[in-house]
Amino acid sequence: MARLCAFLMTLLVMSYWSTCSLGCDLPQTHNLRNKRALTLLAQMRRLSPLSCLKDRKNFRFPQEKVDAQQIKKAQVIPVLSELTQQILTLFTSKDSSAAWNTTLLDSFCNDLHQQLNDLQGCLMQQVGVQEPPLTQEDSLLAVRKYFHRITVYLREKKHSPCAWEVVRAEVWRTLSSSAKLLARLSEKE
């Protein structure tokens with residue numbers, strides 16, 4: 001009986017905490033890692049973007065699905081987690097390692113991995129709190145399709161240096177937009 005009461009009390013406290021917090025507080029280092037990842041990505045540039053103009057492509061970043069002004073606060077963590085996971089997957093592929101300075105690539109991927117750990121910790125706290133809204137599922141699917149287009153592009157271009165430069169610049173813009181999503185977390189509703 002005592003165990004049942006303790007269990008019910010724990011559930012009550014957890015549901016109260018999660019309804020009040022809409023997720024969790026990311027460590028202060030999360031923002032710093034995001035800024036550092038942007039800096040590292042800029043330093044990874046090997047070619048002038050001007051030399052790769054013929055390779056440019058519009059990957060159709062799903063801005064309307066991940067817009068910091070329109071997205072609900074409860075959706076920010078899952079969307080950021082998906083963005084970070086997709087970027088990490090892209091840059092840890094065997095084809096990626098040949099394109100970049102290994103030291104910069106390792107630092108970049110380590111920062112992304114730490115960010116992903118922070119975000120997944122928050123996601124674990126959200127499990128069972130609420131059903132994901134359909135708009136969140138739409139956002140996650142849009143992010144996956146966006147990165148699928150990038151992967152297909154790299155394959156079509158045979159992972160050429162210019163293709164990777166185009167993708168690096170695109171991912172830099174994507175990470176910049178994730179900084180706006182991070183700012184959304186600290187806003188009052």
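Glycine residues also receive a Cβ, built from the backbone N, Cα and C atoms like all the rest.
According to Swiss-Prot, the disulfide bond annotation covers Cys24-Cys122, Cys52-Cys162, on the basis of similarity to another entry. Among the features that Swiss-Prot reports, N-linked glycosylation site is placed at Asn101. Residues annotated as signal peptide in Swiss-Prot, with sequence analysis given as evidence: 1-23.
Comparing CA positions across the recorded positions Cys52, Asn101, Cys162, the one lying closest to Cys24 (disulfide bond) turns out to be Asn101. A 10 Å cutoff on Cβ-Cβ distances gives Cys52 (disulfide bond) a total of 18 other Cβ atoms nearby, all chains included. Considering only the disulfide-bonded residues Cys52, Cys122, Cys162, Asn101 (N-linked glycosylation site) has Cys162 as its nearest partner by CA-CA distance. Residue pair Cys162 (disulfide bond) / Cys122 (disulfide bond) shows a Cα separation of 37 Å. Neighbour density at the Cβ, taken as the number of other Cβ atoms within 10 Å, is lowest among the recorded positions Cys24, Asn101, Cys122, Cys162 for Asn101.
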